[in-house]
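One structure below.
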Ligand SMILES: O=C(CO)[C@H](O)[C@H](O)COP(=O)(O)O
């Protein structure tokens, strides 16, 4: 079965947790895009939901699929966010931001009563860190911020190259918030909560891609079917 099919299966399984009248957060990435498409089918069939997208790309997809949108200024809390991830461990801590939407994704997840992570099972890892950790930074003072990121990593016992993410044309990739992304190639992150706190204490860092304690359930699709991991 292709990765495309597995992602769609995970998205379909998560859709079973959506109820009429819910306020939803819509994630970003290829797996979340399947969820938006399947949710759109249900909306066209009469399901009433209202949703906050986590990126301009997801906003466009949601609008194309006829999903009513709102903002976190107009609603207090969201009932459920469904989003993908780059890495998921057994404790449901995540690395996110491969698609560059980590800041809005974390704001929306934190404003949600529940977050369901959808992925093909290759995203489940014993240790976080093989996927480069995205760190969203302010362009001003990039070199100083990069040095501070290296120091914070070293103090947490993790080492590796830190690269500025490039977009099309070789220029810096620019997030929806107008920021840049440093990708930290660390290999293994033994203390993810500690590293997340240290990175966010750096003035030029806007947010990092470690999602600690935000996901309540992972829906993982593999060749043998759907596997659910729930936060105890
Ligand atoms: O964090 C993300 C975007 O910022 C995505 O959820 C993550 O990159 C997974 O993407 P995909 O579903 O395409 O594998």
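Using the three backbone atoms N, Cα and C, a Cβ is placed for every residue, glycine included.
As annotated by TrEMBL, substrate binding site applies to 28, 29, 30, 31, 83, 84, 85, 86, 96, 97, 98, 99, 123. Sequence annotations record features per position, and here TrEMBL assigns active site, proton acceptor to 105.
A simple way to gauge crowding: the CB of residue 98 (substrate binding site) has 21 other CB atoms within 10 angstroms, across all the protein chains here. Proximity of the binding-site residues (28, 30, 96, 98, 123) to ligand 1: a Cβ under 6 Å from the molecule is found for 28, 30, 96, 98.
Cβ neighbours of residue 28 (substrate binding site) (same chain, under 8 Å, six or more residues apart in sequence): 53, 54, 55, 57, 58, 83, 84, 99, 101, 104, 105. Look at residue 30 (substrate binding site): DSSP puts it in a helix. Other residues of the chain with a Cβ within 8 Å of the Cβ centroid of 28, 29, 30, 31, 83, 84, 85, 86, 96, 97, 98, 99, 123, the substrate site, are 27, 32, 101, 105, 119.
In the three-state DSSP assignment, the secondary structure recorded for residue 85 (substrate binding site) is coil. DSSP assigns residue 96 (substrate binding site) to coil in the three-state reduction, placing it in neither a helix nor a strand. Counting only same-chain residues at least 6 apart in sequence, those with a Cβ under 8 Å from the Cβ of residue 123 (substrate binding site) are 84, 85, 86, 87, 88, 220.
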